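> Okay, handing you the structure first.
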Amino acid sequence: MKTPKMNVESFNLDHTKVKAPYVRIADRKKGVNGDLIIKYDVRFKQPNQDHMDMPSLHSLEHLVAEIIRNHANYVVDWSPMGCQTGFYLTVLNHDNYTEILEVLEKTMQDVLKATEVPASNEKQCGWAANHTLEGAKNLARAFLDKRAEWSEVGV
């Protein structure tokens, strides 16, 4: 039986056919003034087999959201997937997949050097007690260890 086409791109992705970790273009939108928005699926864990624990995911979200902007001024957003298997990276007017991989690599290397999770306090975060720097570093390290595989989505 064929699955009906959904409005959300990732709901149309056959999650049983991907091989994490990977980085893929999930969507492209052209604005009325010609701006290009590209959303990347940055998958850390194999769907339906593994997931990131919340404190590690939450800390990696904070770290990458802050650090990635040191490497790229076209980043719009870095947000976690509800399934806890990856993140979405949204960029504006930048259409170079190879450079995105390089920026992600540099960012993850910087995560490994971090001494604290940015904005992990009650004034700047909605769940400040839910952080682990070591957990975030472990996720970044595992992702970097598979750097050669990031462009192999498997679909």
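Glycine is treated like the rest: Cβ placed from N, Cα and C.
Not measured: the values here are computed from a predicted model.
Grabbed the feature section from Swiss-Prot, which reads as follows:
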BINDING   H58, H62, C125  Fe cation binding site
> Around the Fe cation site recorded as H58, H62, C125, what other same-chain residues have a C-beta within 8 angstroms of the site's C-beta center?
S59, E61, V117, A119, S120, W127, A128, N130, H131
> So how many other Cβ atoms are close to H62 (Fe cation binding site), meaning within 10 Å of its Cβ?
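That number is 22.
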> For C125 (Fe cation binding site), just count the other CB atoms lying within 10 A of its CB, please.
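Other Cβ atoms within 10 Å of C125 (Fe cation binding site): 16.
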